[in-house]
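Novice: Mind looking over this structure? Questions follow.
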Ligand code: ATP
């Protein structure tokens, strides 16, 4: 039996850090949505009990460090599944980019294995399992547009944004999410206007959404990695309706209402950044 499933990338329309918790995690408030840039996960039942992984299009581990492996191993353990699975990951989402590629792959694997191992789990149950793998996995299980709170694992669905183009540019460097959080001074943050962003989504007000884009981690990453600040400046110079860094970076995305403008921005950025994508928002579940 086989199953093929798409694993789209996410962006944060807003990301606010409220406080550091005693368990070491940060309490966050994030408005997230999906973009039409996806990995593909192909699952094939194995005749033995093994979990095997093959990756094309990107360099990620094929052993238990891969979040996809962790997703399969978790289901196998929890539901005492004797069957094995071969997982082929076709990477399209830039790696270590702030686009939750690994989390989305893990979420797609949970959903695909639920089918081919006939587990009969609900989406809510898959999201709870996803939280054991990573904070962004529950959102990726639901997809669409959502408010994520707690350490990111509590999900409340939101209306999707109006149709818009997204131009993503990833500078050729990796950012350590842990380091960004360590450098963050929570007492001196500029906070996001989360409620206003949610209202803008409810009104499908694209102009307000672009104005309200905010990421509390951006300042730290921009200061630590000038290349990211440079990309952001270039996007602003070339013209976009809104610009923000996604997650802990380094990807910077632009929201653009018009396709012709998105194309122009894409072409301008290609001149000095190799990893650029112009895609649509896919905020619906
Ligand atoms: P986030 O936005 O959730 O912080 P990210 O987009 O910054 O995620 P990922 O692309 O998910 O980062 O990868 C982060 C790390 O996870 C890398 O070190 C990578 O090797 C590892 N990883 C494990 N499994 C995967 C996977 N299936 N795809 C990509 N990276 C993976």
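Cβ atoms are placed via backbone N, Cα and C, with glycine included.
From TrEMBL, for reference:
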ACT_SITE  10  active site
DOMAIN    66-144  domain 'GHMP kinase N-terminal'
BINDING   94, 95, 96, 97, 98, 99, 100, 101, 102, 103, 104  ATP binding site
ACT_SITE  136  active site
DOMAIN    197-274  domain 'GHMP kinase C-terminal'
Novice: What are the non-local neighbours of residue 10 (active site), defined as same-chain residues 6+ apart in sequence with CB under 8 A from its CB?
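Specialist: In sequence order, the residues whose Cβ lies under 8 Å from that of residue 10 (active site) (at least 6 apart) are 32, 33, 34, 35, 99, 100, 103, 104, 136, 139, 140, 246.
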Novice: Let's check the environment of residue 100 (ATP binding site): how many other CB atoms sit within 10 Å of its CB?
Specialist: 29
Novice: Just checking: which of the recorded positions 10, 94, 96, 100, 104 have a C-beta under 6 Å from ligand 1?
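Specialist: Checking each Cβ against ligand 1, the ones under 6 Å are 96, 100.
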Novice: For residue 10 (active site), what is the secondary structure state per DSSP, taken as helix, strand or coil?
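Specialist: In the DSSP reduction, residue 10 (active site) maps to strand.
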Novice: Near residue 136 (active site), how many other Cβ atoms are within 10 Å of its Cβ?
Specialist: 28
Novice: Could you tell me the mean pLDDT over the domain 'GHMP kinase N-terminal' (66-144), as a whole number?
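Specialist: Per the prediction, mean pLDDT sits at 97 for the domain 'GHMP kinase N-terminal' (66-144).
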Novice: Taking the Cβ of residue 96 (ATP binding site) as centre, how many other Cβ atoms lie within 10 Å?
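Specialist: A count of 18.
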Novice: Restricting to the chain of residue 98 (ATP binding site) and a gap of 6 or more, list residues whose Cβ falls under 8 Å of its Cβ, or answer none.
Specialist: 175, 245, 246, 247, 248, 249, 250, 251
Novice: Report the DSSP secondary-structure composition of the domain 'GHMP kinase C-terminal' (197-274) as helix, strand and coil residue counts.
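Specialist: Tallying H, G and I as helix, E and B as strand, the rest coil: 45 helix, 11 strand, 22 coil.
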Novice: Around the ATP site recorded as 94, 95, 96, 97, 98, 99, 100, 101, 102, 103, 104, what other same-chain residues have a C-beta within 8 angstroms of the site's C-beta center?
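Specialist: Close Cβ neighbours, site residues excluded: 9, 93, 247.
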Novice: By the count of other Cβ atoms within 10 Å, pick out the sparsest of the binding-site residues 94, 102.
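Specialist: Sparsest of the binding-site residues 94, 102 by Cβ contacts within 10 Å: 94.
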Novice: Using DSSP reduced to three states, classify residue 98 (ATP binding site) as helix, strand or coil.
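Specialist: Note: residue 98 (ATP binding site) is coil by DSSP, not helix or strand.
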